[in-house]
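The structure appears right after this line, and notes come after that.
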Amino acid sequence: MRNLSFFFFFITFFAAVRSDPSDHRYKEGDPVPLYANKVGPFHNPSETYRYFDLPFCEPGDLKEKKEALGEVLNGDRLVSAPYKLEFQRDKELVSVCDRKLSKQDVARFRSAVRKDYYFQMYYDDLPIWGFIGKVDKEGKDPSDYRYFLYKHIHFDVFYNKDRVIEINVRTDPNALVDLTEDAEVQAEFLYTVKWKETNTPFEKRMDKYSQSSSLPHHLEIHWFSIINSCVTVLLLTGFLATILMRVLKNDFVKYAHDEESAEDQEETGWKYIHGDVFRFPKFKSLFAAALGSGTQLFTLTVFIFILALVGVFYPYNRGALFTALVVIYALTSGIAGYTATSFYCQLEGTNWVRNLLLTGCLFCGPLFLTFCFLNTVAIAYKATAALPFGTIVVIVLIWSLVTSPLLVLGGIAGKNSKAEFQAPVRTTKYPREIPPLPWYRGTIPQMAMAGFLPFSAIYIELYYIFASVWGHRIYTIYSILFIVFIILLIVTAFITVALTYFQLAAEDHEWWWRSFLCGGSTGLFIYAYCLYYYYARSDMSGFMQTSFFFGYMACICYGFFLMLGTVGFRAALLFVRHIYRSIKCE
C-alpha cells in the first residue's frame with residue numbers, strides 16, 4: 001500500500017518527503033532524526049506556531065527540513081530538535097540547557113500554558129505530542145491559579161532489530177518551573193531516553209495511530225450510522241418508487257385514454273406543459289458553468305476515495321491529502337471545461353469563451369478570495385498556517401501551467417463535440433403561464449425539504465469527520481465513509497426526482513434551476529451543522545481559528561452544493577426525458 005502512495009506522489013512531482021534518506025535502518029549509536037514541528041493551543045488546531053516561537057532551548061546546529069507541498073499546506077514547519085536520541089543509547093537526566101528566563105520569556109510561557117499549548121515532534125517519521133505545562137486550579141478565583149512549565153521530558157523508544165517501531169513521550173510532573181510570578185526564573189531543561197525491545201514488525205508500526213477510530217464502541221456508532229442511513233434510503237426509495245410508479249402508471253393510462261377518446265379535451269398535469277418542459281433555463285452560461293464545476297468536484301471526490309481505499313492516506317502521512325487535492329483538482333479541470341462548454345453549446349449558447357472563464361472562476365474565485373483573507377490573518381498571527389511566498393508561487397504556477405491549459409483544452413473539445421440537446425418533445429414558441437402555487441411549492445421550502453433527508457443520512461458521520469479535520473481525532477474508516485457517500489448520492493438523486501415530478505404535476509415547467517438548487521441544498525445544511533459543531537461540540541476560540549473554521553468550511557460546503565446540485569439535476573433530467581418519451585405529445 002505504501003509503495004502505491006510513493007508511486008502516486010512521484011508521478012505528480014510532489015513525493016512525500018521522508019525524515020531521512022535512509023530506509024529507516026540504524027546501527028547502535030547512529031543518530032536518528034528528531035524534528036520539532038509546531039506548538040499551539042490544543043483546542044485551536046489551525047492556530048499553530050513554530051516550535052521555537054516559544055523560548056525553548058535551541059540546538060547549536062538548527063536546520064530547517066525541506067517540506068513537500070502538502071506538508072506546507074498542512075502547516076508543518078519541521079526544524080531539528082534540541083534532543084539527541086541515538087539508536088539504542090539510554091540516557092538519564094541529560095541537560096539540554098541551563099538558562100535564565102527573562103520576564104518576557106516567563107510571560108510568553110505562562111500565556112502558552114494558560115491556553116493549553118501542546119508541542120508536536122517527529123522521530124523517524126513517528127509523531128509525538130505532549131503538553132508544555134500545566135495549570136494548578138486549586139484556587140476558585142482565576143487570579144489564584146498557578147502556572148507551571150515542564151522541564152523534564154521522558155522518551156520511551158521501542159525498537160525491533162535495527163528499526164524504530166514506537167515512541168512515547170511523557171513529562172515529569174515533579175520537575176516544574178513556576179511561571180506564576182512576573183520575575184526572572186532559572187530553569188534547567190532535561191531529558192531521559194529509555195530503549196526497549198518489541199516484536200512488532202516495522203510494517204505495523206503505524207497501526208496504533210489508526211486503531212483509535214476502529215475501537216469497538218466507535219465502530220458500533222459508525223455501523224449504527226450506516227444502518228440508520230440505509231433504512232432511510234430504503235424507506236425513501238421504496239416509498240418514492242411505489243408512489244411514482246403508481247402515479248406515473250395512472251398518468252400514462254389516463255393520457256393514453258384521453259388520446260383515444262376526446263381529442264379536444266383539455267390536457268392537465270405534467271403532460272399539459274410538454275411544450276415548455278425542455279425550454280432552456282435562464283442564465284444558461286452560469287447554469288452550464290455550475291454543472292461543469294460540480295462534475296469536476298464529483299470526479300475529484302471519487303479519485304480521493306479511490307486513493308483512500310487503497311491506503312494512500314494512512315495516519316500522519318503528512319500532507320498527502322492536501323497534495324492529492326491540489327494535483328487531482330488541477331488534472332481534472334479539463335472535465336469541467338468539457339462538461340460546461342458542451343452543455344452550454346447544447347443550450348444554444350454562443351459566447352463559449354465567457355462561459356469557460358466563468359467555469360474557471362466559479363469555484364476557484366471564492367476559494368482564492370477566502371484564502372487571501374485567511375492567509376493575511378495567519379500572517380498577522382505569525383502562525384504556520386501562513387503559506388510562504390515560494391509555496392504560493394508553486395500553486396500559482398500549477399494553476400497557470402496545468403489547470404488553465406487543461407480547462408481551455410476541455411472547453412475546445414466540448415465546443416467541437418457538436419452534441420445536440422436530446423429533447424423527446426418539441427418546445428413551443430411562447431412559454432405557458434405558470435399557475436399560482438401555494439407557498440410550500442416555492443424554491444426555498446422545496447430546498448429545505450430536499451436538503452433535510454440527505455443530511456439526516458450523513459450527520460452522524462459528520463461529527464467524526466469534523467473531529468478529525470478540526471480536532472485531534474484520527475479518521476481511517478474510509479470504507480464506511482464511502483458507503484455513506486454512495487447513500488448521500490442516492491438520496492439526493494431520489495428526492496430531487498420526486499420534487500421535480502410534483503413540480504411538473506403542478507404545471508410549473510421551470511424545473512432546471514430548481515432541481516440543481518434542491519440537489520445542492522444539503523451543502524447549506526452542512527454549513528448550518530458547522531454553527532452547531534462550533535458552539536456545542538468544540539472548544540475553539542479566537543479570531544484566527546473562528547475565521548479559518550467558518551471560511552474554509554464555507555468553501556467546502558459550496559463545493560458540496562455544486563457537486564450535489566449536479567447530481568440532482570442529472571437525475572432529474574434522466575427522469576424528465578424518460579416520462580416525456582413514454583407518452584405521445586402533439
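Note: Cβ is positioned from N, Cα and C throughout, glycine not excepted.
No curator has checked TrEMBL annotations; they are predicted automatically.
What TrEMBL records for 1-19 is signal peptide. Residues or ranges marked as transmembrane segment by TrEMBL: 221-244, 286-314, 320-344, 356-381, 387-409, 447-466, 478-504, 516-536, 548-576.
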CB contact flag for the transmembrane segment (478-504) and the transmembrane segment (286-314), at least three pairs under 8 A: yes
Candidate ranges 221-244, 286-314, 447-466, 516-536 - greatest C-beta contact count to the transmembrane segment (548-576) (under 8 angstroms): 516-536
Cβ contacts under 8 Å made by the transmembrane segment (286-314) with residues that lie 6+ beyond its boundaries: 1-2, 4-5, 8, 206, 210, 320-321, 324-325, 328-329, 332-333, 335-341, 343-344, 347, 349, 355, 358-359, 362-363, 476, 478-479, 481-482, 485, 512-513, 516, 520, 559, 562-567, 569
Among the ranges 320-344, 387-409, 516-536, the one whose Cβ pairs under 8 Å to the transmembrane segment (447-466) are most numerous: 516-536
Distant-in-sequence neighbours of the transmembrane segment (387-409), which means Cβ under 8 A and at least six residues beyond its ends: 69, 72-73, 326-327, 329-331, 333-334, 336-337, 356, 359-360, 364, 375, 378
